[in-house]
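Lifted from TrEMBL, the feature list:
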type: DOMAIN; residues: 13-75; note: domain 'RNA polymerase sigma-70 region 2'
type: DOMAIN; residues: 108-158; note: domain 'RNA polymerase sigma factor 70 region 4 type 2'
Amino acid sequence: MHQEEFTRTILVHKNKMYRFALSIMGNEHEAKDVVQDVMLKLWETRMELEDKLNLEAWCITLTRNKSLDKIKRMGRKLKSNLDDVGMKLVSDNPLPDTYTIQNDTMNNVSEALLKLPEQQKAVFQLRDVEGYSYLEICEALNMEMSKVKVYIFRARKSIKESLEKINSYGQ
């Protein structure tokens, strides 16, 4: 694979890889480091990439693995920061009370996500934040379709229950 083909087939996924790494790492600098490491690995193994059927899924898989390896090395817990990956509920010019309610809701969703198990968090991120199809998630995470569906169902249910618990407080 030559540089032009690498640019055309691999570099187009850089932003998705960054957003996914950021959702796992919770830190822009660390997410950029992960993507840089993955890009370097992809470049070094570019001749073997021609055998891969879905390069986007392969890029996401490598990004996930590198992110998790880095977290394990650092001895940190996963952190999800949805505000940094573009999931904002706030409109352009909200009223102050609207902004406060939306900000509180976003904080509550973020807190609920932090409580999810690692697999549920990764699947939820890919499906509901990044917009991946079930099949793409299966390929990216090397997971069976039934497990992907179960993890998404459980993640959504857990987040919903957390929000209902918060919203029903005092009623």
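We count from 1, first residue shown onward.
A Cβ is built for glycine as well, from the same backbone N, Cα and C atoms used for every other residue.
Where the annotation comes from TrEMBL, it is an automatic prediction and has not been curated.
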- Task: For the domain 'RNA polymerase sigma factor 70 region 4 type 2' (108-158), give the DSSP counts of helix residues, strand residues and coil residues.
- Result: 41 helix, 0 strand, 10 coil
- Message: As a quick check of your reading of DSSP, tell me how many residues in the domain 'RNA polymerase sigma-70 region 2' (13-75) are helical, how many are strand and how many are coil.
- Response: 53 helix, 0 strand, 10 coil
- Item | Average model confidence [pLDDT] within the domain 'RNA polymerase sigma factor 70 region 4 type 2' (108-158) | 86
